[in-house]
Amino acid sequence: MKSTTFLALFLLSAIISHLPSSTADDDLVDAEGNLVENGGTYYLLPHIWAHGGGIETAKTGNEPCPLTVVRSPNEVSKGEPIRISSQFLSLFIPRGSLVALGFANPPSCAASPWWTVVDSPQGPAVKLSQQKLPEKDILVFKFEKVSHSNIHVYKLLYCQHDEEDVKCDQYIGIHRDRNGNRRLVVTEENPLELVLLKAKSETASSH
């Protein structure tokens, strides 16, 4: 009984500590100024108009269905709703934590909705997998606030796990392939700069 009470108090304190009464500069905040919900669904949009639309999937190469993560060429498209999840038990994404990103409505041939990074002719690229993945292969992203922006704009870091540490020293950017697909790839230059727009619940149904 005591252990149950202690656990309940611990969870309550964790929830209260992440209530959105105020935000700090390093909090992960959406386009409307609200803290980003852990497990919530959002559109990842360019903060500068005319740089393309939101993030979606495309079928490339010999893929049986759209497994390549790309930016929509349609500037008025929000793309697909994306779930943002942390490994921590909290209502909101903890500051500076690694996150998993996954499509709320993934394609049928994907074994998992979560993004991962795989080798490709264009270099390491963001894809969906046809196989189940371990946690270390999906908790590989981190949002970094753009310091020169006075609004909530973020770069997306790619993080690699080794035996003792996690290294986050590369970014996610865009590579346009010969078919015009704006693929998300790992890069050290010209990272994506994104704003997070909360998706409506009826649009972002979970599979």
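Using the three backbone atoms N, Cα and C, a Cβ is placed for every residue, glycine included.
Taking the Cβ of C109 (disulfide bond) as reference, residues of its chain lying under 8 Å away and at least six apart in sequence are, in sequence order, E63, P64, C65, L67, Q130. Marked as disulfide bond by Swiss-Prot: C65-C109 (among others).
According to Swiss-Prot, the feature disulfide bond maps to C159-C168 (among others). In the three-state DSSP assignment, the secondary structure recorded for C159 (disulfide bond) is strand.
Taken from Swiss-Prot, the feature signal peptide applies to 1-24.
In the three-state DSSP classification, C65 (disulfide bond) falls within coil.
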